[in-house]
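Asker: Annotations per TrEMBL:
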type	residues	note
DOMAIN	202-219	domain 'Tyrosinase copper-binding'
DOMAIN	383-394	domain 'Tyrosinase copper-binding'
REGION	287-313	region 'Disordered'
SIGNAL	1-18	signal peptide
TRANSMEM	474-495	transmembrane segment
Amino acid sequence: MLLFALGFLLVILQPSTGQFPRVCANVQSLLSKECCPPWDGDGSPCGELSSRGSCQNILLSQAPLGPQFPFSGVDDREDWPSVFYNRTCRCEGNFMGFSCGECKFGFSGLNCTERQVKTRRNIFQLTASEKNKFLAYLNLAKNIPSQDYVIATGTYTQMNNGSNPMFRDINVYDLFVWMHYYASRDTLLGGSNVWRDIDFAHEAPGFLPWHRVFLLMWERQIQRITGDENFTIPYWDWRDAEDCEVCNDEYMGGRHPTNPNLLSPGSIFSSWQVICTRSEEYNSQQALCSATSEGPIRRNPGNNDKSRTPRLPSSADVEFCLSLTQYESGPMDKMANYSFRNTLEGFADPQTAISNPAQSGLHNALHIYMNGSMSQVQGSANDPIFVLHHAFVDSIFERWLRRHRPMLEVYPAANAPIGHNRENYMVPFIPLYRNGEFFKPSRELGYDYEYLQEPALQSFQDFLTPYLQQARQIWAWLVGAAVFGGIVTAVLTGLTRACRKKKGGTSSEIQPLLIESEDYNNITYQSNF
């Protein structure tokens, strides 16, 4: 009944956030390399007449990259999005979107001036009605075509450098599956050659900011197609879980009674078709995933290779990971040691932080444990458990940010793998987002996690945070000044006492009392303090 009630929303879709804007997927835009659509509010490009933004040249980062990708000019994702567009809307203030028609994350209102913080909750804390609504929203997204975005079915070269556009429609849920595939796909080098050591969303510093943006965009899209502005993504807290607690028909789908690799017919997700799972086929054809159906969701939780992933992550694993002080280290890829990012992503041991790609910990462990569609990187977002899982991973990232309060400079500015430097734009998002823009607390982006909230202390902490951050930058000077001040005080005190002793030749009759009443009170107060 709920699904039927939501059906009417097909006719009132609002702008979304995703990959290639439909209004820019044409010959004129591709040949001019400009994507500056008019804002519906005033009809001017980027809403310029209303001071929302203007059409500007894209400013690309010139910082050097790491050695992992030894090519140049062979992949459409290099210096994103300049192969397709070199002019886009640059929005002002709190405005955002490919036409500056939206509000930045964390803002709302007609002029995007109203701050808001929404709460993501544990899926097991939702009421039956809230949980059923979430499942219905997922199914709705799988059956509604995106009104504002299309996907590319060919490379820029295959499009004859823009004169032969190759795009197609896609539903809202699969739009995000395709974006995850596109960011992590191999580079096509021609013939049967590919380069596999490349990923714009994984195995490098951008892993956590990229998925943070991905979830924010997905969350906003669900809010819009349903009209439920209060919707937030729930999370699954998998710490110390003995099995897949959400793998039943009440939640994300149970096991099929006769085929353990498929979902139960009693789950709405058993009818879903996956896309973008045949990477070897695309590589051999030197083609992109065209988002055609490739069969049902596959999942067989727990029957994975135990030598690689012996168990689900524990609370101790998470706590050790949170104790790591370095966000990134060394080569800044899956071989990084003592890196919070690499340990949370799962390429480093969650008990030692030493890189071990042969084992899968934390984030990676969940993907491998699911033993199906979710276990293959490029197509992993096909399984809706992906959303619950990454919401919890993001909450661990948030805990680390709150515990260590890193400055933006902690995020690498240079020498990271391609696409992962601080000022690089994230592939394949339009509007454009830089990695460093999302290396900050979630409350500044408009959301929080229920289990991280501290109502009694939050406002006071928010007040103190900027001062504490400034103090951390100058603590060495403060300590030095205190030491120097102590030395000066000691010297002056010694000189003063020496002078008094020199004058102390008077008789005891004319010497003052050692402690008079007023002095005694002062000493007591100082002692107490």
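Each residue, glycine too, has its Cβ placed from N, Cα and C.
Keep in mind that TrEMBL annotations are predicted by a computer and have not been checked by a curator.
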Asker: For the domain 'Tyrosinase copper-binding' (202-219), how many residues does DSSP put in helix, in strand and in coil?
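Answerer: Reading the DSSP string over the domain 'Tyrosinase copper-binding' (202-219) gives 13 helix, 0 strand, 5 coil.
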Asker: Other than its close neighbours in sequence, what residues sit by the domain 'Tyrosinase copper-binding' (383-394), given a CB gap under 8 Å and a spacing of at least six beyond its ends?
Answerer: 120, 123, 138, 208, 211-212, 214-215, 218, 233-238, 244, 246-247, 252, 269, 297, 299, 344, 362-363, 366-367, 370, 372-374, 442
Asker: Helix, strand, coil: count each for the residues of the region 'Disordered' (287-313), based on DSSP.
Answerer: 0 helix, 1 strand, 26 coil
Asker: Helix, strand, coil: count each for the residues of the domain 'Tyrosinase copper-binding' (383-394), based on DSSP.
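Answerer: For the domain 'Tyrosinase copper-binding' (383-394), the helix, strand and coil counts are 10 helix, 0 strand, 2 coil.
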